[in-house]
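J.: Got a structure here, written out as structure tokens. Questions coming.
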Amino acid sequence: MTTQSSAGPQSQPSRDFFASSPSATPGSPSKQASQASKQPDALVTPSSVTANTSVCADNLLDHHQHEPQHDAASVVIGIEGSINDSAAIHRRRQQPRRAAVQNAKPLFLAEDEDDAINWPVADQEEGDDFFSTQLADQKVKRPARATVNSDEKDFQPSTLSSLSSPPSETVYKRSPPSDDVQASNGPAKRPKKSWSTPASVATTKSAPRHCSPTPDPRLRHDAFDRRYIGTFVLSAWSLSKGSSYVKPGDAVRIFRPRKKHATAEPKIASKLTNGGMQKAKQTTLNFRGASAGPTNFFTSKQKSKEKEHFIVRFSNMRGFEVGRLPLEVAIWMSKLIDAGIAEFEGVVVDCPPSLTVGCDIILQVKAYIKFDAFFSTLLGSREFDDQNEALRPETAESDLEKTLRERKISLLRMFRVCDLKPRLSNAILKSHKASDDFSSEAMLDQYGGDIQGAVKHAGSDLAISTENGTQLPHAGEDASSTAIDLDVEGDTDAVAHLEIADQLQSAKRQTDGDADTEENDGTELNLNQLDQVYRKAQANDAHLPEVEPPESFVLTLRPYQKQALGWMKNMEMAPGQSSSSQEQSVTQQGNGDTGERNVSLHPLWEEYEFPLDYDNPQANERLILSATRLFYFNPYTGDLSLDFQRASKGSRGGILADEMGLGKTIMVASLLHANRTSDPGEESEGEINAVDAAEGDVSTKRKGSAKQTSLASAFAASTSSVDQRKALLKASVSKGKASLVVAPMSLIGQWRDELIRASAPGSLTPVLYYADTKGDLLAQLESGKVDVVITSYGTLVTEYRRFLDGGGASNRHLSVSAPLYCIDWLRVILDEAHNIKNRSTMNARACCDLVSRRRWALTGTPIINRLTDLFSLLKFLRVEPWGDFSFFNSFVCKPFQAKSTKALDVVQVILESVLLRREKKMKDKDGKPIVELPPKTIVVKELEFSELERRIYDNVYRRAYLQFASLKANGTVTRNLSVIFSVLMRLRQAVCHPSLVLKAGSKVQSGGIRKDHVDRNGEVGVGEGDHVEVDADAVEFGLDSDHVGGNGTPSTQDLRELVAQFQLDEAGEAGDDSTESYTKATVERLIGEMHGDQATVPPVVSDGENECPICLEESQISPCYLPRCMHSACKACLVDYLGQCKQKGDQGACPTCRKGPVQETDLIEAIRTRPATRAASGGASPTDRPGKACTLTSVPSVIYVRNNLRTSTKLSALISHLNTLRATEAAFKGVIFSQFTSFLDLIEPVLTRYRFHFLRLDGSTPQKVRDKLVLEFQSPSPTNHVVLFLISLKAGGVGLNLTAANKIWLLDFWWNSSIENQAIDRIHRFGQTSPVSVFRYIIKDSIEDRILLIQKRKDMLIKHALNTDNHPHGTKPNSEMLANLDLLFGE
């Protein structure tokens, strides 16, 4: 141990050699060193010698990892001495030993060549540095590592291999990097830089040619291989038996055993076969899906199921394995070794003279942290699988977050056992760690104090005792509700302890080793809880001061909108230093003195000082003379840095969450006029970070005033190089002058029109940046003529992908491919900001990576379902410290899952400072409603399936139920959610229209099923290989066009011919004169009504003519006529009457004159297109045909349609309702919403058949066409006729202004009522002057009934949300999702 500590640290591989090789040579280090002076200088590489030569070289390489060298020549000499002594080593291997020693596994076998191949790239170059004194381009490189273990993939460090420098330059000059730097996002070439260039110049001025705009950030610091962290003592246990292994004072090597790959083993020699070859046992490969049932809906689940072990072993210096470290230590130590973050050396303190298996060995362990660990952060180099991330549940822990969490826990544990305490820490961390309290209650006390009515947290204190006395919580409990007693001195982190303990339990149960395999669900909120969250934020909204807009804003604001303008102007001001509750002063620990920085430490970071290793005076000397003496650690994310982490002044901006329809666009327009430019001295993220880069180590430069910085580098998920981005933004052409508005595609045109309407001519210039309207954005901004750029989320994501695919800021053509990401925006405004609620989506990542000085999120629903919906908004706004998911998850999500009401109180405190929300029902300071809107009426109509529809639906439901039951029986429901949701979608479509469950290749015409869609067996195809068995009556869903004019509406001549063919009886003889006379008179009257020519209409024969002979009701609005006799009756009465006749086996006949036979499809329906009082006005040509652009003059006052269209129950109810309204109201405008565009396809021909004028908007509608459609719908109709707007719920359910309508039809149900409410608020909003009616259709005994039950069930959850979990420990209740599925498929 003394010999190893006599010199400073030397360059070494990024991971301990024994992590990939479980063996070591039994050569003596002292003897190897003694042979150093006997060998000449030579160049030797591990791949150029025999197996034994490689063995010896590798052993000495590993030895030199712990024993630094004085110069490069001694390294070469020592290595060659070891190589030439290979014969002696071989003879020592053959010496007889006792049985225990013979059973011991010598660590160097013939597999060493494979070990060398599997070394990481950084290990290869480190080895070459030891064996060579030549330049880097002359070295012989080993092959790249073939495979990476699953648990190491996310831990691949960005290593910097330090070349061996002359002794005189080691301390005072920075070591240049090797040719290939293994960065976190792949190999990166070393910047070409002169060896004699001073470090300071290289940091601030010199930029490498042909590479990134700025040098490697490692060059800003004095490079070192590793630094001493601390020493701790542990009790290991022996795996060997004998007396010749170790004794007190011996040094030992600590390493990770090589992992076994799941491949068939080769043939091996066996003594049982007398030296022959025995076939190895066959290994069955499990590909995690072929035999384990259906695959998961995102593939990262497979990775988490792979077996993982925490074994850490130690061997003597001769290379023989001695024992293992205890599992409590191995859990966190193995993660650090695998990730190349730390290395460990040990010395035997005490052990028995003769070892036995299982006996205790006391070790003193030294911990070293590697230089590369400070640059291997995953926050700046995230690799995402877009497809899998999109399918990932919103609250599920991603692979990156799991890796960061394990890294964080391991580092915290290492610092704790080494008794390494922070030198500087902010007030939150200091107080919380001192009291061991990282719960929501502590955060509430820190940020907002107590809140009245808070419910006392009820948590379980039961615990499980482990072998070493550690108190472990029961599975599923949170750290905030469990007392943990760990035998570690100093301050502790309860959250980290809990996760360490969970890992320990998992390892002892021999599970897959995941610390947290359960998805992070359980943060769903119901309406009452949402009201509770918003209540505190809305408490003082009525008393906000009103601020008048500038003269350039030409519209008149309402009082509540003036209050919003004043609040937004205040939020864009720089927060005061003393008044900001989120700024924490930096206090200094040690020696009892305190001090303040002009630049405050980031509230999530702590400052540490590298301790001195008193056993290594040379290393201490280098540390004292080095400028890199401090490092920084984030205990919430596990990030390490050598750069000072500065805090910002606070976020500029907030969340404008006014309810839909209150005019958020107009409020933001007034802000754009009020705050046109940035404040003097206001700096952007790029400028702030560039200043930090230029200053280098802030710990040595205390001067300078505090500058604002948002958390782009700490929170934003940027896949580009941070330094490259800083330089790029520093040269931005905008420099905080223009604002960017990001909105759904349907709204960008509306944003432009609203901004122009609200602005005086020439005062504000908005431009669209979308499709062919993009132009040269940078040139427009440079001209100074553009104030606001409006783009869509889709365009932003497209440019973000180019930004990533092009190498980020290093792309020379970034200004052409992705100009939105090379502009320093004054403000970024997200309209409908709930589009980024899922933090894993490209929408969220693209928005968060924009650089801006001010940020705004506009949404009527900042929280839709879960508390985690709020996180993405906080991250986008750079709200410290809540924009970090580890922090948010620890103090909000997990306590809420543990039934702690304090979690909601913390959310209230957060929103109080960044959110403004007003609702339509709220009142102003005088007690008057802030906005007076006309009443809104919601009518729900219950319908029943027809007999045929019921058979089709029951068949689809039966097959769906069987599929769900099969998955549930196999326990694979959660792994096949995509299948379940597909089945549920088919059920919901079957409720709307049976044709929607046809095969994708089938085409539906006129809202029906064609005959060729039914096979010989009468089966109608359904999606995904299912079939619905129906009889040939399914064909009746088609439209029989016989005797029908174009589009199913008979012309005048057609009507005469149609009636004439029914006037002949079965014998071909005409009827009596009275019947014939009545029929002719009725036909002429109907034709006259159709033209609106009342002068030619014969007088009514009798007053009782309009009376239905079945129900005896009068005033038939849309009567049906029997063509044989032209007697009339209500359509519903006739259809029911003819159906009863068919059931009895009788032929249908006229209920008045008994003339027949009559079928249901023979009926002729008379439909009025406008009220009867207006029937005389206007006229039409008999040859007019219907279409999408029908006008009043082209539509007859009465149309006649043959009842030969078999459609769905919902569509029939919709058409009947529309016909009734058209006959009673002069004119109206209505909007029809549906989630399925295929259902809209079926509605279109039916509306055309009944001569309704309609427009349509869905996701396929181009943006320019959308603007024209909305403008046409909002404009007054010159002919004052009925206009309908068909809109898909996703494409037009948000943002649109459709106040011209006053009637709404919602044809299907969504799982979340907030989406439907947003659609309703497109009509019932600011500017609406008429009462609004909402009509909903629900089918009895269908899945829609159960969807409504789920909505009601969510509302009732508040009654049980705060109750403690009564389930026995060790079991889990069904999740909310599974409970809902059980409800949907229940009996």
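Including glycine, each Cβ sits where the backbone N, Cα and C put it.
Summarising the annotation, Swiss-Prot assigns ATP binding site to D658, E659, M660, G661, L662, G663, K664, T665 and lists sequence analysis as the type of evidence. Taken from Swiss-Prot, the feature compositional bias 'Polar residues' applies to 1-14, 194-206. Residues or ranges marked as compositional bias 'Acidic residues' by Swiss-Prot: 513-522. If you look up Swiss-Prot, you'll see 645-880 marked as domain 'Helicase ATP-binding', on the strength of sequence analysis. Look at Swiss-Prot and you will find 1213-1379 tagged as domain 'Helicase C-terminal', backed by sequence analysis. What Swiss-Prot lists as motif 'DEAH box' is 831-834. Taken from Swiss-Prot, the feature zinc finger covers 1108-1154, and the record attributes it to sequence analysis.
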J.: Find, for the listed binding-site residues D658, E659, the residue with the lowest Cβ contact count at a 10 Å cut-off, counting only other Cβ atoms.
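T.: Relative to the other binding-site residues in D658, E659, E659 has the fewest Cβ atoms within 10 Å.
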J.: Using a 10 Å cut-off, grab the number of neighbouring Cβ atoms around the Cβ of M660 (ATP binding site), all chains included.
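T.: Counting Cβ neighbours of M660 (ATP binding site) within 10 Å gives 23.
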J.: Three-state secondary structure of G663 (ATP binding site) from DSSP?
T.: coil
J.: Over the zinc finger (1108-1154), what is the model's average pLDDT?
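T.: Across the zinc finger (1108-1154), the average pLDDT comes out at 75.
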J.: Taking the centroid of the Cβ atoms of D658, E659, M660, G661, L662, G663, K664, T665 (ATP site), which other same-chain residues have Cβ within 8 Å of it?
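T.: Surrounding the site, in chain order, are G860, R1325, F1326.
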J.: Long-range neighbours only, meaning 6 or more apart in sequence with Cβ under 8 Å: which ones does K664 (ATP binding site) have?
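T.: Same-chain residues close to K664 (ATP binding site) (Cβ under 8 Å, separated by 6 or more) are L656, D658, D831, L858, G860.
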J.: Identify, in sequence order, the residues in the chain of T665 (ATP binding site) that are 6 or more apart from it along the sequence and have a CB within less than 8 Å of its CB; answer 'none' if there are none.
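T.: In sequence order, the residues whose Cβ lies under 8 Å from that of T665 (ATP binding site) (at least 6 apart) are Q750, W751, E754, D831, L858.
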J.: Around G663 (ATP binding site), how many other C-beta atoms are within 10 angstroms of its C-beta?
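T.: So the Cβ neighbour count for G663 (ATP binding site) comes to 22.
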J.: Which one, from the binding-site residues G661, L662, has the smallest tally of other C-beta atoms lying within 10 Å of its C-beta?
T.: G661
J.: Where DSSP helix means H, G or I and strand means E or B, what are the helix, strand and coil counts for the zinc finger (1108-1154)?
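T.: In the zinc finger (1108-1154), the DSSP-based counts are 14 helix, 6 strand, 27 coil.
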